[in-house]
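Colleague: First the structure, then my questions, so here it is.
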Amino acid sequence: MQHALFKLDNVIQNYAWGSHTSIHDLFGIDNPANEPQAEIWMGAHPNGCSKLADTNQLLSEVINQNKTQSLGDYTAARFGELPFLFKVLAAETPLSIQVHPSKHKAEIGFARENEQGIPLNAANRNYKDPNHKPELVYALTFYKAMNGFRPIEQILSLFEQANISTLETEINALKATPNSEGLKVFFSAIMSLEDERKQQALNELYASLERPAKTAMAREAYGYIQDFRQHYADDIGLFSPLMLNTIELAPGEAMFLHAETPHAYVQGTGLEIMANSDNVLRAGLTPKYIDVPELIDNTIFNAIDPEQIKLAPVHKQGKLSYPIPVDDFGFEVMAVEGTATTQFVRSAEILFCIEGEVSVSSQDDHITLKAGESVFVCSNSVKYVCQGHGTIARAFN
């Protein structure tokens, strides 16, 4: 491999929930057909592999030609591929509520479904691969989401304010057992509601939306429910804002999404970095298959303090570094302000220009990035230098 740096030409995914304007407004990327532009994929994933901008060669081919040089010894030995997928995600309407399995559960589930002969593309296939899917999201605009279960006292308060008498038995049971086991039973009961009882509970929820909310927390939850109802009428996920933390990230804030934790992206544009996996167990806001027993088996029923969800970055040498509990990827944001900034390399990296214009140099390669553009840095480059005025997001492992 001759080059240390490769400018990327990335795939834009036109999913129905994507924004028609955000990617164009932030990065000047054209959208002549006015399609929803949901995600820009940066990486070597087979469902949307980046290409080299100057030769049109797939990034995966470049990596496979010499994994040690492109990925580094450790990554090549441990993962055998680029272990992360880096994205811009632009949501105009809510995505489904999801849980991703742990690595251990993914390995077991993938092997089991293979033994059962369930095709990888079948609607009832839960495990597409044997990997976990931890994720980090960094907000580029105000970014609404849900992440993890609320403290149980909040869940009880919100359901009582909503006055859903159909669920009185379930609410009283959670009151009597306000711990993770009680939450598991309660969530399972909600997810298993069917037919007339489900519709009755939803009708009572809709009636509560007509009354003034008694608290700011209820007002925010009701706002989420109203939004969801426009897109997913009578979906079981309409109860989710009463159970899950509602989060709004300001531009520059980030959060981590743990395995076995229910979450949903609601609206906004951000950078997302994740392990290479397509394993998704759905929990509402979707017309797709929901496997309730498998969902329950892959969910940890621990409440998360909403104050603990946003990541506190570590400031070091002009960079903001976001500490996370996995080694599949790392994420930093680097301000480039005129003077040359040198970064040493220990793995493959993808650099994405958030704003401004930054030149990246390594060995004999010099690439200029404008907002919305990205470059793949080979592990054997040893180091690179950034100059100019702008902000760079750095994905590595």
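Counting starts with 1 at the first residue shown.
Every residue gets a Cβ built from N, Cα and C, even glycine.
Note that TrEMBL annotation is computational and uncurated.
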Colleague: Which residue of His3, His231, His263 does TrEMBL report at the same Zn(2+) site as Gln98, His100, Glu135?
Modeller: His263
Colleague: Would you mind listing, in sequence order, the residues at least six apart from Gln98 (Zn(2+) binding site) in the same chain with a Cβ closer than 8 Å to its Cβ?
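Modeller: Sequence-distant Cβ neighbours: Pro262, His263, Ala264, Val280, Leu281, Arg282, Ala283.
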Colleague: If you average pLDDT over the domain 'Mannose-6-phosphate isomerase cupin' (320-397), what do you get?
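Modeller: Its mean pLDDT is 96.
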Colleague: Is the domain 'Phosphomannose isomerase type I catalytic' (5-151) in contact with the domain 'Phosphomannose isomerase type I helical insertion' (178-244), using at least 3 Cβ pairs under 8 Å (sequence separation of 6 or more) as the test?
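Modeller: Yes, the domain 'Phosphomannose isomerase type I helical insertion' (178-244) contacts the domain 'Phosphomannose isomerase type I catalytic' (5-151).
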Colleague: Which one of these recorded positions, His100, His263, Arg282, has the sparsest Cβ neighbourhood, judged by other Cβ atoms within 10 angstroms?
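Modeller: Selected from the recorded positions His100, His263, Arg282 on minimum Cβ neighbours within 10 Å: Arg282.
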Colleague: What is the total of other Cβ atoms whose distance to the Cβ of Glu135 (Zn(2+) binding site) is within 10 Å?
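Modeller: So the Cβ neighbour count for Glu135 (Zn(2+) binding site) comes to 25.
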